[in-house]
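Okay, structure first, notes after.
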Amino acid sequence: MASLFKEQAKLSAYRDRRFSGTQEEFDEALRASTTVYIGNVSFYTTEEQLYELFSRAGEIKKIIMGLDKNTKTPCGFCFVLFYSREDTEDAVKYISGTILDDRPIRVDFDWGFQEGRQWGRGRSGGQVRDEYRTDYDPARGGYGKLVQKELEAQRQLVDYGTGSLGAYPQAAPTNYGNGRRGGGNYGQGGQNRHGRGDYHRKRQRDDDRYGRDNSRRNTDHESRRDTDSDMRPEKNPRFRESGDSDDDGEDDRKRRS
């Protein structure tokens, strides 16, 4: 009986729930299969890497990568189909536990690939083991899916709380007039905040008024100067003022003498 359990442990470390037969039929399928299941694979391991590694055990018929059923990207497992049973046994014997992309891969006998088994069975699309994993594994998407959802929910709560406080700007104080309790300046503090601006605005109004007054005075002065010039009588060339001398004056003095 002990040898039977030992033989079972050698054939496979897990039982596929999708196998519809009995345990005896499952064990018989494992003994005759030329397919191996590879687990604990990095999401970034390529089909070419797997082919290079498993071709050392024998001639490979086909490699089928396990994919996330939602994103259609590798999700950490694959199937390798050999042509002979001997090569299949060598792969399990010599390659299981090999370090590939800095992680030990697991190689088990498989009862045979069927269409649909290439998709992950987890609720999030990947493998079930990655749903409940609590450790951080950068080669397999970081934390497990449930932990990622919890972290995302916490982040959204933090973002929502920050947004509710910072999304709406604080309303500026309204000027209700200069009442006895501070009025529009909200008391002494309001004067400290707004008094400087009021001073500059008043100074600017005074400067503008002073400039307009100067301009008006200059304009009035020029107008009065022009008016005085216009009102001053023009000299008649026929009349002379005292002290003037010309030839007609000399003629008068000659006649008197």
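Glycine too: its Cβ is placed from the backbone N, Cα and C atoms.
If you check Swiss-Prot, you get these features:
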type: BINDING; residues: Y14, Y37, R106, V107, D108, F109, D110, R117, Q118, W119, G120, R121, Q127, V128; note: mRNA binding site
type: DOMAIN; residues: 34-112; note: domain 'RRM'
type: REGION; residues: 119-141; note: region 'Disordered'
type: COMPBIAS; residues: 128-138; note: compositional bias 'Basic and acidic residues'
type: REGION; residues: 163-257; note: region 'Disordered'
type: COMPBIAS; residues: 179-192; note: compositional bias 'Gly residues'
type: MOTIF; residues: 201-207; note: motif 'Nuclear localization signal'
type: COMPBIAS; residues: 204-243; note: compositional bias 'Basic and acidic residues'
type: MOD_RES; residues: S245; note: phosphoserine
type: MOTIF; residues: 254-257; note: motif 'Nuclear localization signal'
Number of Cβ atoms other than its own within 10 Å, given for Q118 (mRNA binding site): 16
Which of Y14, Q127, all binding-site residues, has a Cβ with the fewest other Cβ atoms inside 10 Å: Y14
Site with most surrounding Cβ atoms, counting all protein chains shown within 10 Å, from the binding-site residues D108, D110: D110
Neighbour tally for R106 (mRNA binding site), based on other Cβ positions within 10 Å of its Cβ: 18
For Q127 (mRNA binding site): DSSP state (helix, strand, coil): coil
Secondary structure at D108 (mRNA binding site), reduced by DSSP to three states: strand
Averaged pLDDT score, the motif 'Nuclear localization signal' (201-207): 59
For mRNA, whose listed binding residues are Y14, Y37, R106, V107, D108, F109, D110, R117, Q118, W119, G120, R121, Q127, V128, the greatest C-alpha pairwise distance in Å: 20
For G120 (mRNA binding site), nearby residues of its own chain (Cβ under 8 Å, 6 or more apart in sequence): G66, L67, D68, K69, C75, G126, Q127, V128
